[in-house]
Amino acid sequence: MAVHKEVSFVAYLLIVLGMFLYVDALGCTKECGNLGFGICPRSEGSPTNPICINCCSGYKGCNYYSAFGRFICEGESDPKNPKACPLNCDTNIAYSRCPRSEGKSLIYPTGCTTCCTGYKGCYYFGTNGKFVCEGESDEPKPYMSTA
């Protein structure tokens, strides 16, 4: 019976230790990153406040619509590796809808953001402008007042 209790205790200890290691692996380190800026594709514009963009320079994953709600195109430019696109505005495009719609599109300066603490769906670049990583953390939801 004593052997059974020892095995149970060792198994329990291994499980608890494993949980601590797993939780610790999910945590981000506290040191600051050396990132230059971040780009987070966001929904922009509206039928009454149009944006100046074209399909080539629009972000992949974002859809672009006319003032009447007609789908125009999906963006073609990858923030990690932007295309060389003309600078003209497509006057048919009024607004975009992107998977992430809250917060800033351009994060500069990045402060103490690291790849671990950066938001999923945001792309982070070094001070030399080269792509470093995509963020790994879930973006907090904006606080909604119930009053």
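Cβ atoms are placed via backbone N, Cα and C, with glycine included.
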Identify which of Cys62, Cys73, Cys133 is listed by Swiss-Prot as the disulfide partner of Cys98.
Cys62
Choosing among Cys32, Cys40, which residue does Swiss-Prot name as bonded to Cys112 by a disulfide?
Cys32
Cys55: disulphide-linked cysteine among Cys40, Cys52, Cys73 [source: Swiss-Prot]:
Cys73
Cys133 (disulfide bond) - helix vs strand vs coil (DSSP)
strand
